[in-house]
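Q: Pasting a structure below so you can have a look.
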Amino acid sequence: MQARGSREQEARDYLEKHRIMELLNYLTSTLLFFRPEKPREYLISVLERLRIAKMTGLAFPFFMDHSNIVSMFEMMDTSNKGTISFVQYREALKTLGLLTADEVLKDDGHAVTLDKFRREVAPRAVKRGINIL
């Protein structure tokens, strides 16, 4: 039993060390935002640009515009109430790579409106090098 738990922990440590889950979340969210005609080729090109950015030391230019933020909010607001829950908000931030694993968000007990979602997402994106157009 001990060996199994150890292997699982080693796997988690490896994924965390190399930020694999953040990468997969980013790839998935950009794929859903842009919905390219050829998704495999798109993902390969994103990974290639990341590799070049890492080799050259240049920052990879991540871009998101306000319509992407609105689209994500609307995907979560399936009942068109104009609000999403705190849990949905937190999961959106994780999906976009805008919430670190150790970061704790404070739930104020209120639903999250589109305006609040925009105000919260934009500075987090900029802080992590994602340009808002």
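Using the three backbone atoms N, Cα and C, a Cβ is placed for every residue, glycine included.
So TrEMBL lists the following for this protein:
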type   : residues : note
DOMAIN : 64-99    : domain 'EF-hand'
Q: Please average pLDDT over the domain 'EF-hand' (64-99) for the predicted structure.
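A: Averaging the confidence scores along the domain 'EF-hand' (64-99) gives 83.
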Q: Treating G and I as helix alongside H, and B as strand alongside E, what does DSSP give for the domain 'EF-hand' (64-99) in helix, strand and coil?
A: 21 helix, 3 strand, 12 coil
